[in-house]
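Please read the structure below before turning to the comments.
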Amino acid sequence: MALVFISELATYPLTCGRAILTWPPPLPTALLIYLPVFPDPHLRALLPPSPSARSCYSSSGNTTFLCLSLFSLEVAQENIINEKMPSDCEQDIRNYGDSDGGAAATRSMDSIISTASCFPLTLKFIDVSYSVKLAPMSGSTGRGIKCMFNSAGKSTAATEERVILNGISGVVSPGEMLAVLGPSGSGKSTLLSVLVGRLQGKHAGAVLANGRRLTKAVLRRTGFVTQDDVLYPHLTVRETLVFCAMLRLPRTVAKAEKVAAAEAVMAELALSKCADTAVGGPFVRGISGGERKRVSIGHEMLVNPSLLVLDEPTRVYQMFDSVLLLSEGSCLYFGKAKDAMDYFGSLGFAPKFHVNPADFMLDLANGGTQMDHQGDAEKSTVKQSLISAYNRVLATKVKAELTADVPGDPTPTGKDASRERGRKGHGSISWISQFSILLQRSLKERRHESFNSLRVFQVMAAAVLSGSMWWHSSAHDVQDRLGLLFFITIFWGVFPSFNAVFTFAQERAIFIKERSSGMYSLSSYFMARMAGDLPMELILPTVFTLILYWMAGLRAEPAAFLLTLAVLLGYVLVAQGLGLAFGAAIMDAKQASTIATVTMLAFLLTGGFYVQNIPGCLAWMKYVSFTFYGYRLLISIQYRGNEMDYYLHRKGREEDGDLVAQVDASVCIVSLLAMLVGYRVLAYTALRRTSA
């Protein structure tokens with residue numbers, strides 16, 4: 001397993017000798033760590049020798065593995081680890097490893113570790129490049145619109161690109177920690193996304209794990225902690241980690257063991273005290289930011305990953321084996337961390353006084369040379385000088401080492417290959433289990449909004465107000481009765497469709513993250529999401545109908561009431577499907593809401609209440625409007641046979657008597673059923689495109 005140092009991951013203060021860490025530092029650094037082996041004796045001294053840690057030493061060929069549970073460090077003042085820790089401090093850590101439930105927590109992980117143990121791999125990335133196309137910049141909206149109709153403008157827009165990564169190469173071997181340093185906008189996060197196969201878009205170059213292209217098996221064994229904490233805000237800490245364990249741990253692990261693994265991770269990350277507190281987020285009160293980051297770490301540590309990637313600040317430079325320094329997408333240095341300062345000194349960039357190496361290299365990446373009154377031109381010159389020096393001195397050597405066959409480089413053959421194939425066959429749980437777990441999680445996550453007081457009040461108020469307005473309306477007052485039925489179609493067409501627009505947009509980041517790690521299939525997620533919405537989408541319309549139907553004095557027959565309720569529930573599901581399709585296709589709540597507003601307006605105008613004689617060029621719109629079919633079904637339930645003609649004749653309005661006759665009821669039912677399925681198929685297809 002990997003060992004991670006993160007801000008506020010603190011349960012034990014290290015205050016002995018010079019083994020003191022400064023945390024959290026303000027250094028913009030992306031950290032890529034891979035540690036199936038822990039070779040540094042100075043860092044080995046930091047490990048609590050719990051029974052779990054001692055029992056996790058294993059051997060495969062000539063390679064020794066150390067699978068460790070994550071432990072915590074509190075930080076203080078200096079950022080250097082260069083001495084072996086005194087024996088009294090080691091004893092303190094031993095006491096820590098066996099106190100406060102630490103040993104008990106780690107013991108419960110033994111069976112999980114043996115089932116999901118990490119395997120060694122060497123990660124190489126060669127000539128990785130990535131660029132994005134930029135939209136044409138214009139001084140005004142008019143010029144931008146004009147550019148769309150200008151062929152030259154189109155050509156310019158199509159060829160204008162911004163280089164994010166430019167030929168980046170490097171390697172991370174078993175037992176090494178690689179720090180990716182660089183200022184903001186240098187391409188660190190983009191590079192990490194490429195290395196873990198989560199970049200949305202195509203990139204040039206090769207990323208190899210044990211000499212082969214990245215496979216799903218490798219990606220499932222990769223932990224990626226993003227810069228932002230992507231978690232469900234309304235789930236508690238315990239629910240978050242338990243659901244993660246249920247989905248990510250192999251099917252061969254019993255449910256009780258998965259729960260025990262989640263509890264063990266909470267204990268080791270000092271999350272037990274807030275286990276039943278909501279995770280929270282920007283608009284939801286919950287745990288602290290440091291605790292939320294530890295939950296994100298625990299989310300990945302549950303699977304005991306072979307490769308752990310962290311997009312998170314750090315400053316413990318002496319802990320790193322290798323350093324990759326980026327600036328504006330280009331490489332300034334790749335090599336051993338201990339050789340970096342000598343390399344830059346040989347180029348004439350040496351600090352005038354002792355500074356932290358990471359700070360100095362970041363200053364160089366920004367174009368600074370510790371000179372006063374340095375202008376932008378000088379900074380650009382420094383960057384270009386360092387890029388040219390790297391291409392001239394190091395690039396060829398680095399690429400040669402990466403492309404050469406390294407003796408002893410582990411490859412997935414023999415036992416490793418069979419073990420990897422075993423993971424493919426037993427690594428994921430069944431579809432039914434995925435659906436069941438995701439459904440439970442969806443219900444728990446949405447419990448705050450399913451039947452909250454504001455939403456219930458909204459529906460109840462609409463039912464009572466409309467019932468009062470149409471209090472005991474008479475079937476003879478056809479126009480009033482038709483107005484009531486059309487109001488029902490308006491309310492239950494707009495209400496569920498606009499709520500559904502936000503369904504996938506709000507979960508987009510979480511969905512992409514979990515799908516990238518292979519937690520579940522798209523179909524199980526989609527079906528669980530649909531099933532999880534049913535209680536809210538069906539119970540509220542039922543309550544609305546129970547109140548309004550009898551207050552308004554609609555047809556007083558049990559069959560008519562049940563038919564009205566059935567039509568309304570089906571109508572609500574169709575409206576929800578339309579919102580899901582827009583939300584999944586656009587994945588932006590504001591834009592999807594705008595499109596849904598225009599679409600619903602068109603459907604309502606062609607629904608048959610406002611305009612009877614629609615112009616021929618627009619007549620087709622009513623046949624794709626679910627409002628048109630739902631409205632006519634409600635009318636056919638309240639007015640059977642020639643009842644409407646009779647009442648209209650008495651009012652002298654024979655011209656409106658063909659409202660029901662325009663479309664047969666069976667056609668309306670089939671059309672609504674087709675839309676109910678079709679909208680969801682469109683939503684699923686759009687969601688598959690998003691997760692591709």
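One-based numbering along the chain as shown.
Cβ coordinates come from backbone N, Cα and C, glycine included.
The domain 'ABC transporter' annotation in TrEMBL covers 123-391.
The feature region 'Disordered' is assigned by TrEMBL to 404-425.
Packing against the transmembrane segment (454-472) from elsewhere in the chain are residues 480-481, 483-484, 487-488, 491, 536, 540, 543-544, 547-548, 551-553: each is 6 or more residues past its ends and has a CB under 8 Å from a CB in it. According to TrEMBL, the transmembrane segment annotation covers 454-472 (among others).
The annotation transmembrane segment is assigned in TrEMBL to 484-505 (among others). Listed as Cβ neighbours of the transmembrane segment (484-505) (distance under 8 Å, sequence separation of 6 or more from its ends, same chain) are residues 462, 466, 470, 473, 511, 529, 533, 537, 541, 544, 548, 552, 554, 568, 571-573, 575-580, 582-584, 586-589, 592-593, 596, 600, 603-604, 607, 609, 626-627, 630-631, 634-635, 638, 683, 687, 690.
As annotated by TrEMBL, transmembrane segment applies to 526-552 (among others). For the transmembrane segment (526-552), same-chain residues at least 6 beyond its ends with a Cβ under 8 Å from one of its own Cβ atoms are 434-435, 438-439, 441-443, 446, 449-451, 455-456, 459-460, 462-464, 466-468, 470-473, 484, 488, 492, 496, 500, 503-504, 561, 564-565, 568-569, 572-573, 576, 680, 683-684, 687.
Here TrEMBL flags 558-582 (among others) as transmembrane segment.
Per TrEMBL, transmembrane segment is recorded for 594-614 (among others).
Taking Cβ pairs closer than 8 Å, the transmembrane segment (620-639) reaches residues 475, 478, 481-482, 485-486, 488-490, 493, 554-555, 560, 563-564, 567-568, 571, 574-575, 578, 602-604, 606-609, 614, 647, 659-660, 662-663, 665, 667-669, 671-672, 675 in its own chain, all 6 or more past its ends. According to TrEMBL, the transmembrane segment annotation covers 620-639 (among others).
The feature transmembrane segment is assigned by TrEMBL to 659-682 (among others).
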Task = State the residues, same chain only, that lie 6 or more residues beyond the ends of the transmembrane segment (558-582) and have a CB under 8 A from a CB inside it; answer 'none' if no residue qualifies.
result = 488-489, 492-501, 503-504, 533, 537-538, 541-542, 545, 549, 592, 595-596, 599, 626, 630, 633-634, 637-638, 672-673, 675-676, 678-680, 682-683, 686
